[in-house]
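Asks: Dropping a structure here in structure tokens format, bear with me for questions.
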Amino acid sequence: MADRNLRDLLAPWVPDAPSRALREMTLDSRVAAAGDLFVAVVGHQADGRRYIPQAIAQGVAAIIAEAKGEATDGEIREMHGVPVIYLSQLNERLSALAGRFYHEPSDNLRLVGVTGTNGKTTTTQLLAQWSQLLGETSAVMGTVGNGLLGKVIPTENTTGSAVDVQHELAGLVDQDATFCAMEVSSHGLVQHRVAALKFAASVFTNLSRDHLDYHGDMEHYEAAKWLLYSEHHCGQAIINADDEVGRRWLAKLPDAVAVSMEDHINPNCHGRWLKATEVNYHDSGATIRFSSSWGDGEIESHLMGAFNVSNLLLALATLLALGYPLADLLKTAARLQPVCGRMEVFTAPGKPTVVVDYAHTPDALEKALQAARLHCAGKLWCVFGCGGDRDKGKRPLMGAIAEEFADVAVVTDDNPRTEEPRAIINDILAGMLDAGHAKVMEDRAEAVTCAVMQAKENDVVLVAGKGHEDYQIVGNQRLDYSDRVTVARLLGVIA
């Protein structure tokens, strides 16, 4: 299939498809060009079949369209000389189609999928960094962007469309990538965007409240994540045994690797396991001692907080399960770097320690505050807000958490979007026992500045919610704004 051809592409599904040379594959009629294959799916917002005339006018070579309500599965029609092949359940088949189109890229590198509410980005980055230190050419795909380490290009969604994912992977293979760590979102699993990928390993970090505006309730959210193990080629399963959902899944996955820092492992029950035996937190990170099926060791980590110890142990267990030697992993561990905007520490002489983190769920905020507290000798400040046009139920929960775990809560705007900023802040304050104690400043830069300038040298200021993002969405406008740049400027350091 080196010269992409419609007949070869559809061979497993439509034996009598016509022969047509194909250039690119796209779901977007606006970018469809001469010689392309236009795939007309029925999505949540639009029916791609309405754009078939536009794609034909732009010179596409062939069209594959959803059959439901239009034609029978495998039916071939012709419109203005362009073959239109109808397939039923096209969304479910899209990953496999794109995989064939791009020559099955997940067969040509080691692909590790990471799913869970929190920790996906850090765990994927640690996997990519660590494998690269051991000689792989490593890449990441996810929230921060896609690409080879150090050459990551920002993206809109955690998991792109099924076609985007295969296309990106093929591009990485073309750049000689040998290892890729990919964040796998619950939306991506439900919408079959990674359905045909062959994962060498699949990591589960944890499950807590998020995306309930999409999934409806926690049971549906858990079911969405479980799809990675039940419906996909998941390879080695690496599961966080400290998470209640993780423990449930371990009971269903006898060959999985159980990972714990809270002694939730009985070596007699789990075939392969890794657990922390002692963790000492200090100014610049943590010293972690562990035992495992592969042997014991000690790691010096530059990452802050208990959950980052968990992320590091998950990455370590994954690489051990994939056959990387323990001695080599221990030798390179001290060279692992924190991830941009994930418990990222900014310091300057005589100034408070400032930590920028992406925490935007109740659980993540609690963990970030607990993590910052481990490294805090003075007062702990928390600057945060909640996004507009998103799950409103989490706002009072986050207010309550900030009040309980921080000494000073500063409530500000996050991405208000089309909601009234003050209404969002009021929802947050409603969760506090004594809202009068919280400082309220709608302007985010002003709120961050106020906290950093008022905090003392041995205080820690956690700026939560935006992490690596370099924009703020107000109304329908995307404004330039970065917590990292704001903090760096205040401390006189480089972001």
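In case you wondered, yes, glycine gets a Cβ from its N, Cα and C as well.
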Asks: In Swiss-Prot, one of 158-161, 230-233, 414-417 is tagged motif 'Meso-diaminopimelate recognition motif'. Which stretch would that be?
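Replies: Matching range for motif 'Meso-diaminopimelate recognition motif': 414-417.
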Asks: Taking R390, R489 as the options, which does Swiss-Prot list with D414, N415, P416, R417, G465, E469 at the meso-2,6-diaminopimelate site?
Replies: R390
Asks: Just to confirm my parser: what is the rounded mean pLDDT across the motif 'Meso-diaminopimelate recognition motif' (414-417)?
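Replies: Summing pLDDT over the motif 'Meso-diaminopimelate recognition motif' (414-417) and dividing by its length gives 98.
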Asks: Name the one residue among R390, R417, G465 whose Cα is closest in three-dimensional space to that of K120 (ATP binding site); these are the binding-site residues.
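Replies: Its closest listed neighbour, by Cα, is G465.
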Asks: Residues near the meso-2,6-diaminopimelate site, R390, D414, N415, P416, R417, G465, E469 excluded, by Cβ within 8 Å of the Cβ center?
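Replies: Here the non-site neighbours turn out to be H360, G385, C386, G387, G388, D413, K466, Q472, I473.
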Asks: DSSP-wise, what's the residue breakdown of the motif 'Meso-diaminopimelate recognition motif' (414-417) into helix, strand and coil?
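Replies: The breakdown for the motif 'Meso-diaminopimelate recognition motif' (414-417) reads 0 helix, 1 strand, 3 coil.
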Asks: So if I draw a 10 Å sphere around the Cβ of T121 (ATP binding site), how many other Cβ atoms end up inside it?
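Replies: I get 24 for this one.
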Asks: Can you tell me which of the recorded positions G116, T117, G119, T122, K225 is spatially closest to R417 (meso-2,6-diaminopimelate binding site)? Compare CA atoms only.
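Replies: Smallest Cα separation from R417 (meso-2,6-diaminopimelate binding site) among G116, T117, G119, T122, K225: T117.
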